[in-house]
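Q: My questions all concern the structure below.
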Amino acid sequence: MAIILGVDPGSRITGYGVIQCQGRQQIYLGSGCIRTSADDLPQRLQQIYAGLCEIITQYKPDEFAIERVFMAKNADSALKLGQARGAAIVAATCAGLPVAEYSATQIKSAVVGTGRAQKTQVQHMIKQLLKLPASPQADAADALGVAICHFHTYQSLIAMGGKASSRTYGRYK
């Protein structure tokens, strides 16, 4: 595994983070946010798709990992989040990338050591793990956390003597 694109989906702001993996080392390549400008949901979904297609073209990742949808108190928000995830997943599959998904608890555990970590704790640990000069913005930090979680899951399978492939870990269900 060489380059992982992690995505924290949102209908207004979608975070992305790209890391390169060399052995057990994680190297920061880039991160940021796709901020949608349209009020119309279909236009926002198109902006997410197009933005991720550009990022995939720029970084040429080998793996794609995304945060799993959680149950929100507001059903409308959960549906919009699911649609944003769909746009992101389509961008990945159109580029031929395998898709893996992880829950927020799995991501926080991989980055901070506890699934109940606060956003500020995640940002701080991302800064430390990737040796960044400053903490990334929240959505980008979450996306980097997704990529790190994917890498750690891969490393764990290898350490246990298993054959790691996108088909056997974090796979999309």
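Glycine residues also receive a Cβ, built from the backbone N, Cα and C atoms like all the rest.
Pulled from Swiss-Prot, these are the listed features:
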{"type": "ACT_SITE", "residues": "Asp8", "note": "active site"}
{"type": "BINDING", "residues": "Asp8, Asp139", "note": "Mg(2+) 1 binding site"}
{"type": "ACT_SITE", "residues": "Glu67", "note": "active site"}
{"type": "BINDING", "residues": "Glu67", "note": "Mg(2+) 2 binding site"}
{"type": "ACT_SITE", "residues": "Asp139", "note": "active site"}
Q: For Asp139 (Mg(2+) 1 binding site), write down the residues of its own chain that are at least 6 apart in sequence and whose Cβ falls under 8 Å from its Cβ; none is a fine answer.
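A: Counting only residues 6 or more apart in sequence, the Cβ neighbours of Asp139 (Mg(2+) 1 binding site) under 8 Å are Asp8, Gly10, Ile13, Thr14, Gly15, Cys33.
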Q: Just jot down the residues in the same chain as Glu67 (active site), at least 6 apart in sequence, with C-beta under 8 A of its C-beta; none if empty.
A: Val7, Asp8, Pro9, Glu101, Tyr102, Ser103, Ala104, Ile107, Asp142, Val146
Q: Around the Cβ of Asp8 (active site), how many other Cβ atoms lie within 10 Å? Please give the count over every shown protein chain.
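A: So the Cβ neighbour count for Asp8 (active site) comes to 25.
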